[in-house]
Amino acid sequence: MYNTKYVLPGLLIFLALFTSPFWAGKVFGTASYERPKLALPAGEKECIEPVEYMRTEHMQILDTWRDQALREGKRTYVASNGKVWNISLQNTCMKCHTNKAEFCDKCHTSNSVTPYCWDCHVEPKGNR
Amino acid sequence: MIEKVLKGSPKFYVWLVFLGSLIGLGAFTYLFQMKYGLSITGMSRDVSWGFYIAQFTYLVGVAASAVMLVLPAYFHHYKKFKKMIIFGEFMAIGAVLMCMLFIVADMGQPQRMLNVMLHPTPNSVMFYDMMVLMGYLVLNAVIGWTTLECERHQVEPPKWIKPLIYLSIFWAFSIHTVTAFLYSGLPGRHYFLTAIMAARFLSSAFCAGPSILLLLLFVVRKMTGFNPGKEAVQTLTKIITYAMGINVFFFLLEVFTAFYSGVPGHAHPIAYLFSGHGGHVDWITGFMWVGAILAILSLALLIPPSLRDNEKLLPWSLAILVTATWIDKGLGLIIGGFTPNPFEKYTVYTPTVPELLISLGIFATGLFVVSILWKIALDVKKEAGTF
Amino acid sequence: MKRSRRQFLKVASLSVLGLSTHLATGGIVNAAQQGEQYLPNEHGLKAGRWAMVIDTRAFETPADFEACVTACHKVHNVPHIPNHQDIKWLWTDKYEHVFPEQSNNHMSEALEKRDFLVLCNHCENPPCVRVCPTKATYKRPDGIVAMDYHRCIGCRFCMAGCPYGARSFNFSDPRKHLDMAEVNPEFPTRMIGVVEKCNFCVERLAQGLMPACVEAAEGKIVFGDLNDPESEVRKVLAENFTIRRKPAVGTQPGVYYII
C-alpha cells in the first residue's frame, strides 16, 4: 500500500471518530442518559398493552391504529388481554395521558424525536 | 468528463456564480414557503394551481422537444443534426430537473413526496407522470453521457444504445401526453376537457423547445464559436415553423368549438382570458392578447423563407415564439382552466413576488445544470476535433 | 494486484449491501404478535351507500343555515379564514351558482332568493379519488369519500378534479385561525399543506350518531342508506322531485336536493 504511514493512522482516527457516540460519553464522563421520570396517569393503572410492549411498540401501534380506524373503518381495538378500547389518540390515549408535557414530551425531547401528531391532533386542555 | 467543468474561462465561472446567487435567493424564499406554506403564493381555493404548475407544464414540453432532433437524426439518419443532438439531450435533462423542482415547490407537504412511490396508484395520471419523468431523466442522462463519451474516444456508441434511443423517442411523446392527461381527464374543468389537449401540448412543445435550444446555441456560438451548422439550423427552423403553425391552428380550433357551439362551459374560460368578465378586465387579459399577437407575429416572421433564413432576424423571431407559447401554455392554460370556478364565479390569480423568486431560483438551477453539461459537451467536442 | 483489489472492493460492497438489507428487513418483521383484533364499532351506523337529501324548501331563515354550517364547522374545527385561501366544508350559495347547468332565466322569485347548502357530494364515481396519486383520498365501501390527512402530499390534483369545488386546501397553518381554547377536543384539526372537505361525519357515524348538519337541521336534511329500499332517504326520494349537481359529468353524486 502506498503512503501507509498516512493511510493507517488516518483510518484509525476515522474509525475512532465514527464510533465515538458509543464510547465518548463513558470515557469523558459527559453524557449519561437517564430515563426521564414520567408523570403517570392518575386513573387507569394499565395501558392497552403491557408497559414494556407499549414503550417499544407505541409508534407502530399508533400507525396501525391510524390505518385501521381511518382507512379500514375499524375503530374498536380488542387488546391481547381481551379488553375493548375505542381507537382514538385524542379520546383514548390522551384521556388517561392527559399531561403531554410530563409524559409524551419528556422522552421525545430527551431523545430528540419530534412526531408531528400534534400538528393536527388536539392536546388535552391541561397542557395548553 | 466531469473534469471539463474545472477548466474554463473566468466568464464561465462568473456566470455560474451569478446563477448560484439566484438559486440562493430562490432557496431562501423557499424557506419562507416552508414555514408559512403556500399562503405566500397568489393561489386561492378557486385557482388552486398557479405559476409553479404552469412552469412545470411548459418545461415538460421543452424536455420532450429533444425528440425533434433525435427522431430525424437516428430514425431518419439525418446526419446534419448529429452535431447538435447532445445539446438537445442535455437541455432535456435540465428541463426535466426543473419540472421536478417545480412540482416539489408546489406541494403542500413535500416531505411526503415519496408517498407517491410508497403507495402506487395506477389509476392516477400523476403517478404515471412521476414515473415517466424519472424514466426520461435517466434515459437522457444515459444516452447523452454514453454518446458523448464515445465521441470523446472516437468510437462507435455501444449497440445497446440504439434500443434506448428508440425508447427515448417514444418516451418523449409519452411524457408530454401524460402531462396533457393530467388536464384532459378532469371532468369539471371545461377549458381542459378536450381531446386535443395532448395534441396542443405536443405541437406547442415541438416549436417552443427547439426554439429555446437554438436561442441557447446562438448564445454559445457567440461565446465559444461553436457552430451547429447552417443547414441544421435551417431544417430545425422549418420544423419549428410547422409546429407553431399547427399549434396556433389547434388553438383556433378550440376557439371555434367554444364559440360556434355556444356552449357556455366551453366559451366562458376563453372569453374570460381575452375579455375579462362583468365588464372588467384583469392583468391576464392584456397578457393573453400580447401572447396572441406575438404568436401571429412569430409565424409572420418564420413562414416566409427569406425571413426565416435571415440569421440576424431569427433570434428575434424565436424569442417572440417562445414568449407567445410561454404565455399560452403557462399561465394562460392554468388560469383558463380554473376560471370561472365550478360555481361560475371569478377569482383573480396573480403570482406573488415570493412565488416568482422561487421560480427564478428553479430556472437558475436548470440553467446551471445545462451550463455545466453543455460546457462538458463543448470541451469534449474540442478535444475530439468535432467542434 | 490491481485485479484482486477490484475484486476485494466488489465483494466488500456486495456484503455490506447484503448485510444492511438483512438488518433493515429484520427490523420490519418485529411487528405485533400479541393476538389483538381490530373490529368496526358495534354501535356504529352501517350502510351500503350513504346519501343525503336536502329539502331546500324547508330552510327559511338564515339562522336555519347557520345552525347546520356552525354545527359542522365547530365539530370538525374548521377555521374561518377571511380571504380567498379559505376553508369550508359546508356553505351556501344561490341556485345559479349551485346548478349552473340547469339555469333558468325566468325562475320564480322565491327560488332566486333561496339559498342552497353546498358540500362534498361523496360521489359514486369520484374524479378526486381517481386522480389522487397516493390514495390519500379514497372511497370507503359504504360510499363515503374519505380523506387521510396523514398521507396527503398537498398536490391539489383532487381540487382540480372535483367538478363541484367542494375541496379546500390549507394554504397556511389552520391553527392560526382557530381559537385553540374553543376547539372540539374530540376531533383533530388539520395541518398546513393538506386538502380537506366534508367527511359525512364518519367519526360520528362510528359512534351511532347522525352527521352534525343533519342533527342541526332537525328534519330538513335526511341522511341514510341508499341501498336500503326501506330507508327514509329512499322514501323521500320516491315521493319528491329531486335534482343533483352537474349530472352530466357522470359522477353520480350522493347529495340530492328537493327543489
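The backbone N, Cα and C atoms fix where each Cβ goes, glycine too.
Taken from TrEMBL as is:
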type     : residues  : note
TRANSMEM : B:12-32   : transmembrane segment
TRANSMEM : B:52-74   : transmembrane segment
TRANSMEM : B:86-105  : transmembrane segment
TRANSMEM : B:125-143 : transmembrane segment
TRANSMEM : B:164-186 : transmembrane segment
TRANSMEM : B:192-218 : transmembrane segment
TRANSMEM : B:239-263 : transmembrane segment
TRANSMEM : B:283-303 : transmembrane segment
TRANSMEM : B:315-336 : transmembrane segment
TRANSMEM : B:356-374 : transmembrane segment
Are there residues at least 6 beyond the ends of the transmembrane segment (B:192-218) whose Cβ is under 8 Å from a Cβ of it, and what are they? 57-58, 60-69, 84, 87-88, 91, 95, 173, 176-177, 179-181, 183-184, 186, 226, 228, 233, 236-237, 239-241, 243-244, 246-247, 250-251, 253-254, 257, 314-315, 318-319, 321-322, 325-326, 328-329, 337, 370, 374
Where else in the chain does the transmembrane segment (B:239-263) make close Cβ contacts, counting only residues six or more beyond its ends and a cut-off under 8 Å? 68, 194, 196, 199-200, 203-204, 206-207, 210-211, 214, 270, 295-296, 298-299, 302-303, 308, 318, 321, 325, 328
For the transmembrane segment (B:12-32), out of B:52-74, B:86-105, B:125-143, B:356-374, most C-beta pairs under 8 A are with B:356-374
Distant-in-sequence neighbours of the transmembrane segment (B:164-186), which means Cβ under 8 A and at least six residues beyond its ends: 57, 60-61, 63-67, 70-71, 74-75, 92, 125-126, 128-129, 132-133, 135-136, 139-140, 142-143, 192-195, 197-198, 200-202, 205, 333, 337
